[in-house]
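A.B. asks: Got a structure here, written out as structure tokens. Questions coming.
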Amino acid sequence: MSVLALSRLLLAQNRGDRLRLAGIAAGVAIGVLLTLLLWAGYTALAERSERSTWTDPDRQTGAVTHYDAEAGLADGEAAVARDVDYYRGQPITVLRITANPETTVQVPGVETVPAPGESFVSPALRTLIDSTPDDLLGDRYGTIVGTIGDTALAGPDSLVAVVGAEPAELHNLANVVTQLRGTAYATDNYQIVAIIGAIAVLVPVLVLLAVVTALGSAKRAERLATLRLIGATPRKLAVLSGGETAITSALGAAVGILAAWLLAPLAARVQVAGAQFFPDDLRAGPVATLVIALGIVVLAIGVAVIRAALTDVGPLGASRERREYPPRGWGLLPLGVGLAALTSVIAQVAPASLAGPLVLGGFVLTVLGLLIAGPLLTLWAARLAAPVVQRAVGVIAVGRIREHPRQTFRSVSGIVIAVFLASTFAGAATTVSNPDVAEGPEYLPASTLFIPLSITGPMDDPALLAQIDRLRHVKGVQAVVALGWSESEPSGLFLSAADAAALGHPVPTDGARISPEFATVPFAPTPTAMPTDLIATQLLVRTSDADATERVRTALPSIGIRTSYASSTRAEWIVGSAALTWAGEYAVLANLGILVATLISALSLAVSTIAGILDRRRVLGLLRLTGMPVRTLRGILTAEAALPLAGVLLAAAGLGWYAAWVIVSGLTEGRRHLDWPGPDYYLVLALSVALAALAILATFRTARTSTSVTATRFE
């Protein structure tokens with residue numbers, strides 16, 4: 001018999017077969033879609049880092065020295081100072097630069113080095129400036145002569161300004177560089193965390209692919225047996241199974257490629273490290289798209305061919321369900337190796353240079369090991385439960401699990417992996433400090449503006465007093481206070497009694513001392529005598545509203561006040577300091593991973609349970625013919641899902657937290673530790689259980705219709 005004739009018999013002949021093939025195509029489409037987005041996102045993180053870190057002089061590979069305005073600059077040099085300005089809490093990256101007219105230093109994204117008083121700004125900042133009064137923002141950056149190109153911006157919402165400065169303005173505040181070039185990753189930790197995040201989202205996708213390719217396996221086994229009866233060889237059956245899967249997988253891959261292209265603008269709105277992506281960042285190139293799509297199609301074909309070859313269908317057919325080979329103890333080996341690799345990092349038995357590879361390899365082996373060891377753990381749980389179950393529901397469910405531990409675990413593997421990943425991400429996220437800007441009469445108001453002075457001098461310097469007086473006349477300013485530092489008493493900062501009273505903290509003496517950490521602790525001025533050698537280091541400004549705060553920031557250059565770094569409110573200073581860690585910047589990967597893993601796991605459970613019903617419709621239908629109520633059948637399905645979940649879920653959660661501890665402590669050399677999870681983690685666990693319950697409930701209708709008397713009659 002020809003392969004074409006056999007293909008006509010094997011391919012979809014009824015509605016059930018067409019739905020099965022549609023399910024395989026949909027699973028492949030989802031796999032291609034998410035894999036393309038993940039690959040593009042991973043490469044985009046490195047490219048985006050290169051587009052944004054060029055503003056940091058400390059990351060330049062060339063010689064970086066301190067700038068002396070009197071020494072001047074060579075033609076191959078430029079003096080640059082990076083700062084973070086704020087507008088209503090939004091950080092604005094500002095690069096102030098000065099260079100000779102003949103300089104060969106190129107600024108990414110702009111045509112030329114801006115002259116003093118001129119600037120180039122990002123499109124998002126230009127839009128913000130155009131929609132804001134000049135005295136609140138626009139006047140800070142001089143005359144805008146152009147916009148920064150997308151090739152030098154992290155994302156479309158990046159707020160960046162390159163401002164030309166006079167040499168004297170940057171004296172002792174800038175670095176001399178020979179180039180401005182970004183780096184792919186600030187540290188290896190960024191790259192490792194990005195890879196772990198991508199792998200964590202990809203694993204549930206692979207689980208889904210494994211589930212959908214097994215749809216209708218029992219029905220296919222019967223059809224393969226029929227083909228064997230009419231003369232088809234095992235080799236032809238394997239080829240036919242691969243061809244059937246190739247057609248549906250290719251169609252699903254095409255849909256996945258199209259969906260990835262169309263959904264890129266939506267996915268680009270996700271903020272990582274404080275910025276969105278450009279849509280093209282999340283569109284994989286032609287070569288990567290082709291390789292990923294072909295890889296997933298080949299993977300699906302390979303699974304189908306191997307399953308067809310291992311089905312062991314003889315010419316007498318397969319009217320009875322075959323028992324699986326029991327899983328062996330070696331299935332625990334990958335999990336054990338992964339945990340050993342993670343433990344070696346915490347125990348510090350390996351060199352520090354190997355911490356990153358060990359964390360990455362250990363995490364991958366732990367995830368895969370959990371999937372490989374799952375059937376064995378499920379079998380052990382069923383054996384432990386067998387002596388204690390009494391009711392028919394439990395007896396049938398435990399018997400089914402003992403005979404088919406792999407198929408049973410496959411149906412709940414998505415939920416297990418989701419709990420593992422949610423625990424890992426939630427544990428890692430506990431290290432991200434959510435700064436609490438304390439309020440109360442003992443603290444400075446959160447809107448108090450801190451102005452660090454770059455030119456320090458005596459507290460009674462006439463020039464400083466004149467600048468303070470001009471600052472007090474800015475609309476909306478309520479108080480301006482100077483803080484001084486004494487070389488004879490360097491343990492604190494000092495302010496006058498009048499200034500302390502202006503801030504709402506009167507003292508009975510002529511002066512007061514405060515803690516240098518006054519931004520994060522109660523202000524609590526201690527009455528004391530004022531030292532005679534005070535040097536003004538910064539100003540504190542109280543304003544009536546947010547507009548007044550921005551007006552003060554904008555007015556500082558025109559008043560003549562030069563700052564060592566950008567002014568910020570107390571709230572901006574606290575929040576900004578916490579946001580500068582890699583854990584804080586990549587916390588969104590945790591939320592994304594939890595969301596994708598949870599949703600895909602629920603889908604996998606529903607598909608697996610429905611597939612199990614369809615594969616066992618004959619057995620379940622015969623049970624109903626003998627008088628088994630539908631509610632008992634529902635109880636069997638629930639028990640088959642609940643037992644492996646109960647047996648593996650706690651282990652998955654514990655392993656997830658252990659992995660999080662190793663990742664956080666190992667990558668930071670013990671500087672960071674886990675904290676107790678917040679309510680969000682328990683909400684995710686409850687959501688996972690609820691989705692599992694809903695997935696099982698969604699299969700009850702299929703269980704009733706597929707095992708009815710009419711359906712069983714035509715089996």
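Quick reminder: no glycine exception, Cβ is built from N, Cα and C everywhere.
Sharing the record's features from TrEMBL:
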type	residues	note
DOMAIN	197-301	domain 'ABC3 transporter permease C-terminal'
DOMAIN	593-705	domain 'ABC3 transporter permease C-terminal'
TRANSMEM	21-42	transmembrane segment
TRANSMEM	190-216	transmembrane segment
TRANSMEM	237-264	transmembrane segment
TRANSMEM	284-310	transmembrane segment
TRANSMEM	330-352	transmembrane segment
TRANSMEM	358-382	transmembrane segment
TRANSMEM	412-432	transmembrane segment
TRANSMEM	592-614	transmembrane segment
TRANSMEM	635-661	transmembrane segment
TRANSMEM	681-700	transmembrane segment
A.B. asks: Go through the chain and flag residues at least 6 beyond the ends of the transmembrane segment (635-661) whose CB is under 8 A from any CB in it; none is fine as an answer.
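C.D. replies: For the transmembrane segment (635-661), the list is 339, 342, 346, 362-363, 366, 370, 374, 377-378, 380-382, 385, 393-394, 396-398, 400-401, 408-409, 411-412, 415-417, 419-428, 605, 609, 612-613, 673-674, 685, 692, 696, 699-700, 703.
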A.B. asks: Between 190-216, 284-310, 330-352, 412-432, who has the most Cβ pairs under 8 Å to the transmembrane segment (358-382)?
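C.D. replies: When the Cβ pairs under 8 Å are tallied, 330-352 comes out ahead.
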A.B. asks: Going through 190-216, 237-264, 284-310, 330-352 one by one, which has the most CB pairs that fall under 8 Å from the transmembrane segment (21-42)?
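C.D. replies: The stretch I would name here is 237-264.
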A.B. asks: Within the domain 'ABC3 transporter permease C-terminal' (197-301) only, compute the mean pLDDT.
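C.D. replies: Averaged over the domain 'ABC3 transporter permease C-terminal' (197-301), the predicted model reaches a pLDDT of 79.
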